[in-house]
Every structure is written in C-alpha cells, then in structure tokens.
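Beneath this line is the structure, given in structure tokens, with notes to follow.
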Amino acid sequence: MNSIEFPLLDRTTQNSVISTTSNDLSNWSRLSSLWPLLYGTSCCFIEFASLIGSRFDFDRYGLVPRSSPRQADLILTAGTVTMKMAPSLVRLYEQMPEPKYVIAMGACTITGGMFSTDSYSTVRGVDKLIPVDVYLPGCPPKPEAVIDAITKLRKKVSREIYEDRIGSQQENRYFTTNHKFHVGRSTHTGNYDQGLLYKSPSTSEIPPETETFFKYKSSVSSHELVN
C-alpha cells in the first residue's frame with residue numbers, strides 16, 4: 001500500500017492496529033474496482049481495444065468493462081460526439097451511480113478535432129455535456145497514454161473527498177438537455193437534401209443570401225427548413 005497516497009494508513013500502534021479515515025478507506029477500495037463503460041464512436045476506440053490484449057493487460061488495474069451504465073463508475077468517451085448523440089451520452093452519464101468519472105480520449109472528443117471548423121453537427125468538446133476528470137489528447141492516443149490517464153485518475157481518486165465532489169457538481173451544473181439550434185443561414189453552399197427544402201409560394205426565386213434557413217426541433221431526429 002502506498003503510504004504517500006494514504007499517509008494516515010501508515011500510523012500503527014504496538015498492537016498493529018491501523019488508524020485511518022473513512023474517506024481514505026473508501027478511496028482505497030475504489031482504486032482497484034474502476035469499471036468502465038466504453039463509449040467509442042470512431043478510430044480512437046481501436047487504440048483502447050488493444051489494451052484488452054496480453055501486451056498491456058488492463059485487468060491489472062481492476063478495469064472490468066460493463067455494458068450497463070448502472071454497473072459502471074467510469075465512462076470513457078473516444079471519438080466524435082454529434083448533436084444527435086449528445087442526449088444519449090448525457091442519459092448514460094446520469095444513469096451511472098455516484099461517484100462517477102469521465103475520461104475524454106482523443107482530439108475529436110476534447111475539441112471536436114478536424115470536424116470543429118466546418119461541421120454544424122459536431123459537439124466542440126464533450127465537457128460541454130458532462131464533467132470531464134481526465135483529458136487524453138492525441139489523434140489517436142497510444143495505449144500507453146491511456147494507461148497513463150488511468151494512473152492519473154487513480155491518483156485523483158486516492159486524494160478525493162466524496163462530499164467535496166458532490167458539492168462541486170451541485171454548484172457547477174452542466175448542460176443536460178437536448179441541443180437546440182437557432183434559426184440561421186445555410187452553411188457553405190446550401191446544398192441540402194431536396195426533400196427538406198421549403199420554397200415560398202409567393203415567389204419563384206429567393207435571394208441567395210436568404211435562400212434557406214434551418215431550424216432544429218426539440219426532437220433530435222428531424223429537421224425543418226423555413227424562410
């Protein structure tokens with residue numbers, strides 16, 4: 001047991017009785033039982049999949065991948081997150097029991113990556129949706145970098161006080177509702193799906209600068225184009 005991470009556990013009496021605090025004991029028990037929920041959407045997740053093999057053997061950290069958010073205390077997001085996927089990601093995070101942690105893996109998850117400049121449907125950073133504990137940059141990050149991120153998360157857990165974490169999350173609320181677009185001009189060339197275009201019945205020609213507008217409804221599965 002590391003006496004640097006748990007200094008109170010190093011205090012023993014002549015009868016070999018260990019004195020510690022409930023927070024240190026709880027943190028120590030959670031260090032070897034981080035059960036991740038793998039949320040991979042693109043190529044970054046392929047690098048994480050290599051950790052399952054014998055070369056890296058992430059089982060030594062107590063990582064047991066779960067398929068249900070109710071059994072996980074760590075969600076690892078890898079890849080691009082779109083506006084349509086955002087409500088599902090937030091729902092998965094909210095279904096995880098406390099305490100829960102997030103590792104953002106890859107440039108696309110952290111900032112939107114190469115899609116951040118010209119994509120209208122990409123979330124520019126998963127931290128706009130859920131709180132992130134460890135950022136793991138790279139395109140894609142190497143498996144060694146993933147292990148380093150897990151090590152840093154374990155150090156954070158070892159020094160954590162549960163009450164302080166809950167209080168911080170209650171004060172700093174994150175975006176937990178569906179994305180909604182405001183009415184705006186068509187992007188770039190304006191070559192939308194012809195079935196979605198709406199033409200005014202009063203005029204046959206529409207000026208280029210006001211050709212099409214789009215409005216994102218509360219439902220994430222449909223778009224409506226209006227004047």
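Glycine too: its Cβ is placed from the backbone N, Cα and C atoms.
Annotated features in Swiss-Prot:
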type: BINDING; residues: C43, C44, C108, C139; note: [4Fe-4S] cluster binding site
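Cβ neighbours within 10 Å of C44 ([4Fe-4S] cluster binding site), excluding its own Cβ and spanning all shown chains: 26.
C139 ([4Fe-4S] cluster binding site) carries neither a helix nor a strand DSSP state and counts as coil. The sparsest Cβ neighbourhood within 10 Å, among the listed binding-site residues (C108, C139), is found at C139.
Taking the Cβ of C43 ([4Fe-4S] cluster binding site) as reference, residues of its chain lying under 8 Å away and at least six apart in sequence are, in sequence order, G79, P140. Apart from the site residues C43, C44, C108, C139, the chain places the Cβ of S42, A78, G79, T80, G106, A107, T109, G113, G138, P140 no farther than 8 Å from the centroid of the site's Cβ atoms, the recorded [4Fe-4S] cluster location.
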